Ligand code: LLP
């Protein structure tokens with residue numbers, strides 16, 4: 001690896017410009033287990049390993065940038081969710097966070113169900129052998145073809161998102177001679193404490209049917225009247241990257257309130273409620289997420305308490321974590337290309353990827369951490385902004401972080417907690433080729449989603 005000398009840029013806390021960073025960590029070589037996948041550690045030679053494999057070997061064999069996913073960690077987290085909720089509840093992994101056939105097989109083996117939100121996510125799940133009755137089908141604008149495919153495949157539930165869809169699904173199910181199990185997604189009017197674009201249960205947005213004004217009750221009335229539908233429950237998803245359980249508490253209270261109204265009006269007790277996903281993970285050392293068993297305990301207690309007060313049988317609960325299962329299990333491995341110190345500001349570190357493999361920083365102002373992983377360094381910390389290679393100044397991967405001042409082109413750096421909503425939201429901006437996803441387990445790395453090639457891109461260009 002080449003090293004070029006350069007001025008180190010601003011280093012000390014007393015000369016730092018304004019920003020969202022804490023003081024530089026005491027030791028830049030230490031990897032905080034809170035943000036790194038379980039099997040990640042720094043080897044005796046200073047090179048970081050995952051599943052026993054040095055990142056330098058991964059970079060050599062598979063190139064950079066690459067998403068490196070710790071399979072053992074994924075399976076352990078999936079199991080932790082399943083065990084936390086036990087036999088009386090169901091865990092649906094939200095495939096939008098990251099979906100591939102290998103992931104579907106792991107989920108199946110670990111006893112999780114799957115939430116999909118497009119016909120192609122459904123196709124991926126089915127092609128990997130996920131039993132259709134363990135799949136939930138979501139979306140605020142499912143096409144007739146998607147609905148037909150889902151009903152035909154025999155998905156376990158379709159989550160209805162609008163009045164039109166109630167009729168559409170009923171009609172399609174009936175024409176196929178089926179009675180489709182459905183839930184109705186409602187918006188409970190909770191403002192989750194998260195970014196506006198990922199909060200979903202306040203009323204002024206596109207998902208669900210508002211509880212307010214009796215609309216959800218009317219949706220239930222209509223669904224109960226239609227022969228093609230078997231209404232099994234109510235669904236609520238309040239947002240994403242949430243740490244505070246109070247939003248779930250209010251949501252559960254309101255969902256159970258609706259179940260009670262349904263019982264009083266129709267004499268039916270719906271057997272299921274789904275409280276969605278949205279549980280936060282640690283992107284930086286400042287984040288303190290809850291463990292699945294704490295979340296399971298809190299949610300089941302809230303629902304039981306509310307049901308007891310309403311004199312209802314406690315429904316079967318389901319949840320749909322995406323980020324909390326896959327997010328912490330992967331990191332993105334980049335090679336440093338240029339290091340540009342700006343006097344009195346910060347040092348810009350350009351990597352061989354960027355907003356095409358991680359749009360979350362640009363889109364949500366998301367915070368990430370970063371570490372030098374191909375070696376250790378005793379150099380002083382320097383304030384950096386890790387940026388990509390796209391033609392856009394908002395192409396930022398890590399807005400504010402510290403890396404050693406001797407960082408140089410050719411070094412490998414890694415951004416942890418990129419398992420969720422990075423590959424799944426990746427783009428071909430500037431005709432970037434989307435990076436591969438490598439699963440690492442038991443001392444072996446294998447490609448589960450291959451790197452795109454120039455041929456892949458040119459094949460679509462048929463003009
Ligand atoms: N269930 C439903 C109905 C959802 O809409 C979502 C996420 C989930 C479950 C899973 O949420 P999770 O546990 O992964 O937070 N692209 C954004 C997140 C969008 C989430 C959309 N729906 C991000 O990168 O933060």
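Each Cβ is built from the backbone N, Cα and C atoms, and glycine gets one as well.
TrEMBL annotates 360, 364, 392, 421 as substrate-binding residues; of 316, 323, 451, 459, the candidate listed for that same site is 323. For the pyridoxal 5'-phosphate site, TrEMBL gives 320, 321, 322, 323, 421; the one candidate out of 267, 278, 388, 463 that the record lists there too is 278.
Around residue 323 (pyridoxal 5'-phosphate binding site), the same-chain residues six or more apart in sequence whose CB sits under 8 Å from its CB are 94, 97, 240, 241, 277, 278, 279, 280, 281, 420, 421, listed in sequence order.
When the binding-site residues 320, 321, 322, 364 are ranked by how far their Cα is from the Cα of residue 96 (N6-(pyridoxal phosphate)lysine), 322 comes first. Of all the binding-site residues given, namely 320, 392, the one with the smallest number of surrounding CB atoms inside 10 A is 392. Most Cβ neighbours within 10 Å among the binding-site residues 364, 421: this distinction goes to 421. With residue 360 (substrate binding site) as the anchor, the candidate binding-site residues are 320, 321, 322, and the one with the nearest CA is 322.
Annotated pair residue 320 (pyridoxal 5'-phosphate binding site) and residue 392 (substrate binding site), C-alpha to C-alpha distance, rounded: 35 Å.
For the recorded pyridoxal 5'-phosphate site, residues 278, 320, 321, 322, 323, 421 set the reference point as the centre of their Cβ atoms, and the other residues of that chain within 8 Å of it by Cβ are 94, 96, 97, 240, 277, 279, 324, 325, 327, 420.
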